[in-house]
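J.: Next up is a structure, given as structure tokens.
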Ligand SMILES: Cc1cc2nc3c(=O)[nH]c(=O)nc-3n(C[C@H](O)[C@H](O)[C@H](O)COP(=O)(O)O)c2cc1C
């Protein structure tokens, strides 16, 4: 390869509340107990990962009006877990998903600036925009936001929060005991912001944090989401982990940057990636099949089918063929609080395609669901996985990956012990941290205006 | 249960804020004003409180810059300004401590009960049952302007306390919205939870409606401790109806007895039993082993501040033994425990943990070790029953 070797970024996604996470395995531990988070974070830090990532959903998922009970359900509060993890890690970045619809900028800016202080510069904010009225039922304003306004609000929310982060320059606290001057500027933190969504003014309470502001992530796929990322984010969390889709997505969002006066290296593309390792490629493939069967039980296959069919299929046999009846068009009334609903918007076309696959392969319903509901991004021996990840990054299918293990909390251990050393040997992943902040790890330029005072 | 504490025992907490409660305390030689925004600073203070076997710390907070005025910033530059979020500070200290209760302050007027309930539940998970929350109402126009969502103060100030009561009710329901054994991991049926043990809370009130359930499983204590500071009739009514522990500010033992009478009357009116509410008295303390030195320090700090120190709480300046006498007297009036506000940190914090506590221990007024594993346990509360759990079947008549 003629161009210089690209360095890989790696991050660890704490296993989430969907069927990727296998809870039925005997090795599966608590996804709530703090020890699980400590185990996971320490593995990621031992492996010199860039950051740990927490997703968030503000309403438990429901299917046909009942709380969905087949996957892991429930998770702890993002900010609280990350602040506690700051006490048991030293370098690992701490990235939290926080919604821009059911929060207010003053409070969120305060929380992220506090986290950045308490972690000595390791905070990141994944700005997500879920707006639905179903989630809104847990909040003061209810489902107040129209779908098409979600990124408008996110954009203004982030702009407002950035003004709050910038409201302290960083040199205000002098704390001179002799003269009795604590603050060099009585107006420290002063701000005023008026737009269609936020009409606020006053003084912000948190002095400028070590990174100036948290690293900003975006995790949406729509055109509006990509524009938002190109304009305002430091990194994109994408779902395009295959080679071709990854390259296309990578090129697409990097192309959008110039419009905002930004360079390609100002925005990192980090797809979510699952993985299964084995001593040999064949063993890994076998294990991967087994994991897929764990992830898609018969009951899970039926509920998955219901999301596309938009019907009650409670009596359907998962070990028989697909239902004869076609999906019900119109508003999806079956599943609420989940992103996958929108992934299959053309339900009739999806059903037609699935019937073809099932007939061709003589697949039962459950087998079909296993077939179509996504497979692990990286399957193989440590050497194969290391080479594949490296090939993807060198070919710009990604700038790195946010790894999503399927076992809590030890699902990252094997990767840390076997794949990471190979990447380090190949000189494409850091042998140790060279900086202290998350911006350092990600190779992002310091936020303008920071640091204000030379030490 | 016989009562909140073993006979003759009293409970102790400290209120942490900046470099201490005197506005000039940051200028003391041992003060660390430049470290106020670091995790290490707060962790070390909580660890010191834990060395003194204090029952809990509270962490002060508001959603505005500190001010000597009630209605907005005062423009002063000679006092500590700026604060970190108290819940995050408490969470940062949790893994580095093992037994002390952690009670951050949360403003309820501008925040979401759903978010705060899950944050406090999570603090309880990360601290293995040591979380509480001190709820606080804020009527200021300046703080309201930070959110731009409501006009304050309201026409009827008591509305803010009625809203706070709804807020606490929503938090409590959310904490109960998962039964303890909701997670079943039943491989045979493929079910991770028993959804009959998760509950929509369906709260609908004047200020907000919340559907639930929480996204966080029930916290280890069942119900983390809820506290509030109260100075007058309306907040007494709120506290008597809603919280587990109320901080009050008596001037002396007789005043303490009067406040207790008012509180108990409100409690009875709210239909709550006396033992469901702990009453703690707040005092600002300047401590020194040598007679007269604490008062001299107070005078010196007042001079630096340019005015005499005043507080909503009684101010004590003297020796740890002298303070122990006061606490003993107030405890005799029926006060369950004390929240001391150290005038200067670390001086008065270490005087509490290394001077006052040994003195109280000599008098047999505080236990030598942490006994209970949870904050509720330290305060003599049983683990909270779940309002949604089906009552256990009656034992069959024999
Ligand atoms: C990889 C990935 C991860 C996501 N994680 C979350 C999450 O943790 N919480 C959330 O509320 N939304 C999450 N989202 C969804 C979106 O951010 C959000 O729902 C948004 O409205 C969808 O944006 P879009 O229309 O641009 O795709 C995620 C999306 C992607 C692609």
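Positions of Cβ are set from backbone N, Cα and C atoms, glycine also.
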J.: Can you check which of A:292-312, A:313-333, A:334-354 TrEMBL lists as region 'Disordered'?
T.: A:313-333
J.: Pick the one from A:151, A:433 that TrEMBL also lists for the FMN site with A:97, A:222.
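T.: Record source TrEMBL; matching candidate: A:151.
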J.: Against which stretches of its own chain does the region 'Disordered' (A:313-333) lie, if we need a Cβ under 8 Å and a gap of at least six residues from its ends?
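T.: That would be 298-299, 301-302, 305-307, 341, 347-348, 350-351, 354-355, 358, 364-366, 368.
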J.: Give me the long-range Cβ neighbours of residue A:151 (FMN binding site): same chain, 6+ apart, Cβ under 8 Å, in sequence order.
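T.: Within the chain, residue A:151 (FMN binding site) has Cβ neighbours under 8 Å at A:129, A:220, A:224, A:225, A:227, A:228.
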J.: Since the record lists A:97, A:222 as binding-site residues, which of them has the fewest other Cβ atoms within 10 Å of its Cβ?
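T.: Least crowded of the binding-site residues A:97, A:222, by Cβ count within 10 Å, is A:222.
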J.: Sort the residues of the region 'Disordered' (A:313-333) into helix, strand and coil with DSSP and give the three counts.
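T.: Taking the region 'Disordered' (A:313-333) as a whole: 0 helix, 0 strand, 21 coil.
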J.: Over all pairs in A:97, A:151, A:222, the listed FMN binding residues, work out the largest Cα-Cα distance in Å.
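T.: That value is 18 Å for the farthest Cα pair.
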J.: May I ask which of the binding-site residues A:97, A:151, A:222 have a CB within less than 6 Å of any atom of ligand 1, listed in sequence order?
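T.: Cβ under 6 Å from ligand 1: A:97, A:222.
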